[in-house]
Amino acid sequence: MEDVFSYFEKPKDPIRFNAIKISIASPDKILSWSYGEVKKPETINYRTFKPERDGLFCAKIFGPVKDYECLCGRYKRMKHRGVVCEKCGVEVIKSKVRRERMGHITLATPVAHIWFLKSLPSRIGNVLDLTLKELERILYFESWIVLDPRNTPLRKKDLLSDEEYNDLREQYGPDGFQAGIGAEAVRKLLEEVDLEGLDVELRDELKTASSDTKRKKVIKRLKVIEALRKSGNRPEWMILTVLPVIPPDLRPLVPLDGGRFATSDLNDLYRRVINRNNRLKRLQELNAPEIIIRNEKRMLQEAVDVLFDNGRRGRAITGTNKRPLKSLSDMLKGKQGRFRQNLLGKRVDYSGRSVITVGPDLRLHQCGLPKKMALELFKPFVYNRLQEKGYVTTVKSAKKMVERETAEVWDALDEVVREYPVMLNRAPTLHRLGLQAFEPVLIEGKAIQLHPLVCTAFNADFDGDQMAVHVPLSIEAQTEARVLMMSTNNILSPANGKPIIIPSQDVVLGIYYLTRSKEDVLGHGMSFSNPEEVRSAFDAGAVELRARIKVRIDDELKETTVGRVILYEIIPEAISFDVINKVMNKKELANLIDYCYRLCGEKTTVILADRLKDMGFKYATHSGMSFAVRNLNIPKNKKDIVVRADRDVLEIQKQYMDGLITDGERYNKVIDLWAQATEKIASEMMGGIETEEQITTEGKKVVESFNPIYMMADSGARGSNAQIRQLAGMRGLMAKPSGEIIETPITANFREGLTVLQYFISTHGARKGLADTALKTANSGYLTRRLVDVAQDCIITQQDCGTVDGISVSALMEGGEIIETAGERVLGRVVLEDIMDPFTGEVLVGANQEIDESLSEKIDRAGIESVRIRSVLTCKAKYGVCARCYGRDLGHGHLVNIGEAVGIIAAQSIGEPGTQLTMRTFHIGGTAKFEEHSTLDSRHDGIVKYVDLNYVVSKIGETVVMSRHGEIHVLDEQLRSRGKYTVPYGAHLKVKDGQSVKRGDRMAEWDPFSIPILAEVDGTVKFGDIIEGKTMQEQVDEVTGLSRKVIVEFKGADLRPRVSLKDATGKTAKVPGTNAAARHLLSVGVNIVVSEGDQVKAGDIIAKIPRETTKTKDITGGLPRVAELFEARKPKDFAVISEIDGVVSYGKDAKGKRKVIVTPEIGDEKEYLIPKGKHVSVQEGDRVIAGEALMSGVNNPHDLLMIKGEKALARYLVDEVQEVYRLQGVKINDKHMEVIVRQMLRRVKVIDPGDTPFMADEQVEKFRFQEENEKAIARGEQPAIGEPVLLGITKASLSTQSFISAASFQETTRVLTEASLAGKVDYLRGLKENVIMGRLIPAGTGLVMYRKLGIKTVADEDAESVEIEGDENSNKKSLDMHAAN
């Protein structure tokens, strides 16, 4: 009996190996895999359906078709296991071997492997130093190659055409020299390659290489040779002599009805190879003419090419239905390939899906599961329970009973389901909260019920959405589902640490209604001694819900309303009444939940959320709120505003006709006008809706209105002011699909209705919106996929890496306003060094301490501007990152656990809001956007302080700013900066240094439509190289007939249009304080305002650079911008930036480009070429610092890395990405971006390899680089020199150490070719490669340190207690993991 199990093979355990290697298969290796040669192209006999002998499905080679049964039927069943039948030669064994046994085809002539030939760069070509064209001519029998020149003047590897070959043969005789053709010749050459010798030779050549191209070529060859040398692969293995045949069950042939067969394309491809191979063998035996044999060899080469990679060379071979056949490569590639279809995503059993509907009476940890569905999902458990209870004895009878659906079955199901977590998932699962665990509640009906508060996390609504249910089977899976995935354990969003379970829509409306107050209603002004009294009075109908009353709470008389006291009943005791004694809108409710979570913990918060939901629904129903047309009040003076705007537009038109303004300015002004009119009507309308007159005992009184539409928008339940504006105000300006704004606005609103033309104009935008949305989803999904791929191996691997490096974080400013204080930005991070109070000098936060909410407030109160914190960017951990550098796990609010997959969380957090970003590139036309940016108002009370501000007083007494980087700071009483405002060049200052300002005071203003060029000194205008008709044109406006002097593009001559100022002596004046001349070079498009010989004073405008008007420069925004940043692409018009500190001067123009020279105080000057027509943003004599832009344009991240280093670059990337998300109102914590940027900066480019094994220009991982250098230094040799490189996320994913991960991402063929050539080893460190290999992932509970936890049982007291003990411990095992830190 004990031997019976040895009959069954144990399933192979995927955990047993810890690395996997890929290399090129040698012919011997292929033969060792094979169980026999496939000689015939036949597959199966069409009459008997039995496989043909020696054919592609031969049972003798590949194993029996039926379990333990030979083909002729002589041996059947287990007792003959392992016998080989004498008659048909089939081994009696399980038929499963047909999935793993391989065969082979012995090729009549060698054939090149297309991957090594055509995958660029050609590997065979690299080894032999032949180009791909030359190789193809040899392999496809067009040219001969000289193998051994002997005594002839030919050189080895010379190519000869047929004619040349024949002539030379005649000349030198048959033994004069040796030449070959086809794959045999190439194989011969590859066999002769001496890798060691070639390696030495190439390294010497590299030292003497003169030109850059030569070096690059040698380096490329050296890489391939090195890879072959180190991996132990032989070059001739790239040419095949034996072809493996994959197991038949992996290329099945299935009979359809009607005698036809459905087959895998591979069978056709193999058939072609076998047919051609057999024909070639026959021709060779018959000694056929060389030309025929050669043609057959070429056809065999092509057949093998198509089998390996169809379409790689020439046209793809198509099958019967004009569809290209799927080759072996296609089986791996793309979304439908093996990697992504079957290994990374599999179908799941024990799952079901159905439509969802709302379950308002569920608790947060519950979901409603239809009985029918539950019965199907839990069937095996129900069978077991019925057997346990003794209703049935066998599974068969249990099955029958369940089919009858008797009462016992439902009882059993109830017991099985009780407290058994199931997982609900809604596609698309954009972040980890798209899959959560709930306890099922059995319900009638066929729809799954979902708790309303988790809808935000799932992004679900009930307009027909479907969700899937999955049952975790093992006890470990159940524990993980309960501990880690239960909806009650996922209150905070992992993206930003704010609660994601917050009331929305109806609930918000109900609670808003409950906490609003109303004048003069029943019970107004009553006083109560405690909340209970209020409740009884309300129940008795003695006081109305919104009445203002006084109540004694915590020995204090509070003014409040009845509704708020009722709300107070459900608030946890720890939270004071003042927190909710206000109108509770959505924001306040989110804050309440956040506050409750921090103060009272998870459990209390869950209870509070549920109570809020119940109360919200109840009072939303009570309020009887409705949406009616009468609620939309159109403002009385709308007509007047529109008429006035029309009049103003005509006025502007007239100015244009008179030539006072240009067409662009006219367009901008009109757009501005209408934007203002729309704004005005909207504010009038909102004013009308927000307030209403109420007749009270004190007479008429204006009070906040109870207009339902206003309440919906004000509470944050649904709708926004912008939408109400379109319903009752005026629709306003519309954009064309190109992004330009149409001058004529829609003056009607939806209540009045649109005319046909107005409707047509608005369809433009609407259609573009729909097209955008469709594109956006695909693009956003692809971005997420790239992010996940680059960050998937970023896991918390240790507690502390012990680094002494970190980054500085200061408050985030935008337009002078502090958007996020330093304290808020470092919340949940670990401090690098002690933070001192700048005034008292006491230590606020000790080094290596995590900053929690209270410390964050402390930092802000102390007015600390910048904090040094630890960051993943500077983490020293070799694999993954350490917990201290990462900081707080935002989803749970404590320091992150070891094993957390922070890379994937980062990728999800950035990718998930991707669909909310806009797709388009913004065109900031002349909309109200500009108008905001032409003035500067103080946002705080305080004292003005000029910083780096140079100014002059112009002749009309205006203070004009002359500096380019000037700032105005507003300081408070302690002289701490409250606001920093950058003042542009040419602005007019309205405040003096040291003056005190109030909030809202105007501090500066400037012309929004052009950038001025100002005179620095008094003097006379002199033009240089401004030649009419060549460099300058008087452009006459067609409409107005007025002229302007405009610099135009000019070809040829070395002309530099400029304006200089001459002093009294006629010399060029000097700029005060410097040695530079008062001279301005003008770029194309500048309008000159002065004429030659004019007298000007300092501060006067000489010329204007118009800001692009109708279509301003496209600001790449939204999703494309995020992708551009993460892909580290060079922007289209990137700015040239200075590499050094120094003084600017202009050099002689070269090749139509401006030459800007930066001269440092010590060292060599640097020259920069700037294309003409681009505006140079520095003047002669300006001081610049390293990293400062010399012209207008976007930064190029690669330059930033080179000049300012990794931290500055990381800061730039993080801030730029954040900017895009902030515009859409999405909050994502900086640390997620930092994780991605860390992955982009993982590699170093070797500049000088020193005595290390690296090659010049090779890119290597930072840690490998450091390791090799340490080794070299230890040996007393020269270490390598390298510089950091920035890789885009796609490049970074493909250059990861794991070839399995890279191959499953993109460019599968290329990755596998490279990996096999180099004999790469994948140590399975990331998540993806482990999923593909079918192992537990090395993160979370799959970490080795958690897997090794044992279970200790207490000494046997009695069997039962031991059982329980073991059970508890196995639960504990997973729980411990949660609290491991």
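The backbone N, Cα and C atoms fix where each Cβ goes, glycine too.
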Matching range for Swiss-Prot feature annotation, region 'Disordered', among 302-321, 762-781, 962-981, 1362-1381: 1362-1381
Shell list (Zn(2+) 2; ref centroid = CB of CYS801, CYS875, CYS882, CYS885; cutoff 8 A): GLN798, ASP800, THR803, ARG870, VAL872, THR874, LYS876, ALA877, VAL881, ALA883, ARG884, TYR886
Residue among binding-site residues CYS70, CYS72, CYS801, CYS875, CYS885 with Cα closest to the Cα of ASP461 (Mg(2+) binding site): CYS885
By Cα-Cα distance, the member of binding-site residues ASP463, ASP465, CYS801, CYS875, CYS885 nearest CYS85 (Zn(2+) 1 binding site): ASP465
Cβ neighbours of ASP463 (Mg(2+) binding site) where a neighbour is any other Cβ within 10 Å: 5
Nearest of the binding-site residues (CYS70, CYS72, CYS88) to CYS885 (Zn(2+) 2 binding site) - Cα to Cα: CYS70
Listed in sequence order, residues with CB under 8 A of CYS882 (Zn(2+) 2 binding site) and six or more positions away: ILE796, THR797, GLN798, GLN799, ASP800, CYS801, CYS875, LYS876
Among ASP461, ASP465, the one of these binding-site residues whose Cβ has the fewest neighbouring Cβ atoms within 10 Å: ASP461
Count of other CB atoms lying within 10 Å of the CB belonging to CYS875 (Zn(2+) 2 binding site): 26
CYS70 (Zn(2+) 1 binding site) and ASP463 (Mg(2+) binding site), distance between Cα atoms, whole Å: 58
Winner by Cβ contact number (other Cβ atoms within 10 Å) across the binding-site residues CYS70, CYS85, CYS88, CYS801, CYS885: CYS885
Separation of alpha carbons, ASP465 (Mg(2+) binding site) and CYS70 (Zn(2+) 1 binding site) (Å): 53
Distance [Cα-Cα, Å, rounded] between CYS88 (Zn(2+) 1 binding site) and ASP465 (Mg(2+) binding site): 58
Residues within 8 Å of the ASP461, ASP463, ASP465 Cβ centre (excluding the Mg(2+) site residues themselves): ILE356, ALA460, PHE462, GLY464
